[in-house]
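Sequence annotations record features per position, and here Swiss-Prot assigns topological domain 'Virion surface' to 1-22 based on sequence analysis. For ASN20, the entry in Swiss-Prot reads N-linked glycosylation site, with the evidence type sequence analysis. Feature annotation from Swiss-Prot assigns transmembrane segment to 23-43; the stated evidence is sequence analysis. According to Swiss-Prot, the feature site 'Seems to be involved in pH gating' maps to TRP41, an assignment based on sequence analysis. Residues annotated as topological domain 'Intravirion' in Swiss-Prot, with sequence analysis given as evidence: 44-97. Look at Swiss-Prot and you will find 60-88 tagged as region 'Disordered'. Sequence annotations record features per position, and here Swiss-Prot assigns phosphoserine to SER64, SER82, SER93 based on sequence analysis.
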Amino acid sequence: MSLLTEVETPIRSEWGCRCNDSSDPLVVAASIIGILHLILWILDRLFFKCIYRFFEHGLKRGPSTEGVPESMREEYRKEQQSAVDADDSHFVSIELE
């Protein structure tokens, strides 16, 4: 006799939902967490470009220039731009044989 025939199969009356007691606090908490997770996931997928662009540029602000003379601000901007321009010239060249 094979192992598959030894396993009990449920009868149709046992296939119903066994969690009829939905007043259980754990079930309520799990339902709320599941719904919130689904809502946040949908919002993330709909607005991911806006969200991550905000974090990327919002967190990359430079140091505060409050109280710094305009000439020093301009010098700092030129240094930052020259550093960016220098990084743009580094490309990896891959040649396939």
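Start at 1 and count along the chain as shown; that gives each residue its number.
Yeah, the Cβs are placed from backbone N, Cα and C, and that goes for glycine too.
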DSSP three-state assignment for TRP41 (site 'Seems to be involved in pH gating'): helix
Distance, SER82 (phosphoserine) to TRP41 (site 'Seems to be involved in pH gating') (CA atoms, angstrom): 40
Per DSSP, three-state class assigned to SER82 (phosphoserine): helix
Taken over the topological domain 'Virion surface' (1-22), the model's mean pLDDT: 55
